[in-house]
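Colleague: OK, Swiss-Prot features for this one:
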type	residues	note
ACT_SITE	45	active site, proton acceptor
ACT_SITE	56	active site, proton acceptor
């Protein structure tokens, strides 16, 4: 099993696609993950569906709605995660999740089982890092060697970024634009300078996400970001083709290969 940090040991930017677990069903997600990894994913983000995904745009909200149309359980989430890990044990898996599903399961139980299923990192958009609850959770993650990946937005101050330094691990998820997730037509101005500043302060790889969907965008961003994160464009392929597993897997493989080939 490779660590997240080892994935960033080469000079090439890392492709990090995202899928919503359970969309359109759990078995299909193993096939989607396999296609994306074969297409060049270096890390895979797995979204845990939630009823109130405040940071997510319409594509991922609809994916969660489709996922939650089936019986939901963290047991099934962990089982599917383990299946993906067994197929590609060399690829680090990261959960992108809201805090409530983890809290409902019990944080100690979750961290133990997540680690055993192959999870190496967590991204939790609605968990502030400077609360007593977060500090206790971070201690549990550290004991299990699970990275906590912090989000930095265009509005995050330099002082707040500095305060993340002692707690952040794995990489920094840099949110490239204001608002929720979703595909956008242009790259935000000043993105390169901002990413370089965050990397200098925190001393971790910085990966860019939110709004990236095309190979032209990934080609440019990969020249200065350590990784490129793409979620909504991947989920749109699943939304439009998920009823035909073979066709959808082929389209995901082709898309991942195109993005990977564009990156520096």
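Using the three backbone atoms N, Cα and C, a Cβ is placed for every residue, glycine included.
Show me how these features fit into the structure around them.
Modeller: In this structure, residue 45 (active site, proton acceptor) is part of a beta strand by DSSP. Around the Cβ of residue 45 (active site, proton acceptor), a 10 Å sphere holds 25 further Cβ atoms from the protein chains shown.
For residue 56 (active site, proton acceptor), the Cβ neighbour count at a 10 Å cut-off comes to 24, with all displayed protein chains included.
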Colleague: Sorry to bug you, but what's the C-alpha spacing from residue 45 (active site, proton acceptor) to residue 56 (active site, proton acceptor), rounded to the closest Å?
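Modeller: A Cα-Cα distance of 14 Å.
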